[in-house]
Amino acid sequence: MFTKMVVLFVIFLNIYVTLASDPDPVQDFCIANLAESAIASNVIQCKNSSLATVEDFVYSGIKSPGKFGQTGLSAISVNSNVFPGLNTLGMSFVRADFEVGGVNVPHYHPRATETAFVLEGRIYSGFVDTNNRIFAKVIEKAKILDCKEFPLQFLDPGLKMSFLEKAFGLSSKEIAKLKKRLGSH
């Protein structure tokens, strides 16, 4: 009787593990057919896979920086809307160029990771974890900084006032009022 129970348990466990695993993909890729998708509202249609070419997997729209904004940042977003080969991969990326003294507005990526790779120059980059600890350093050419999904505490006392002023376009008085209102000191 005990042996039968063990065999049944092993069979049940095997079925459970099999059902809990990730299945093989149904298709190799799904090139976004942007022309068809525009017609079908917010549903992205797949291009017929027999019509796919190598050009569907190559993107050259980030050769040059875009226009710099007030904060000294030029950002070009790359997602499946502009690079159809990314469709269904669950990823996007940004080409970010900074003028000297430029900043990126504090932000966060829920359930996502941001990786910064420096091609030229150096940049002070980092993130704030959920315990309000700052992890930041100067990243130089050919170095990488990997930031997990930690929410950025925008008004952390460790962030320099000049950075907050430039990033948010607010005066030091306005930031002080905001900090007081939100209970940050």
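Quick reminder: no glycine exception, Cβ is built from N, Cα and C everywhere.
Small disclaimer: the values here were computed from a predicted structure and weren't measured.
Taken from TrEMBL, the feature signal peptide applies to 1-20.
Counted within 10 Å of its Cβ, the other Cβ atoms near Cys46 (disulfide bond) come to 17, all protein chains included. TrEMBL lists Cys30-Cys46 with the feature disulfide bond.
Residues annotated as domain 'Cupin type-1' in TrEMBL: 60-176.
Taken from TrEMBL, the feature oxalate binding site applies to Asn104, His109, Glu114.
Counted within 10 Å of its Cβ, the other Cβ atoms near Glu114 (oxalate binding site) come to 17, all protein chains included. Sequence annotations record features per position, and here TrEMBL assigns Mn(2+) binding site to His107, His109, Glu114.
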Segment-level pLDDT (mean, integer) for the domain 'Cupin type-1' (60-176): 79
Among Cys30, Asn104, His107, His109, the one of these recorded positions whose Cβ has the fewest neighbouring Cβ atoms within 10 Å: His107
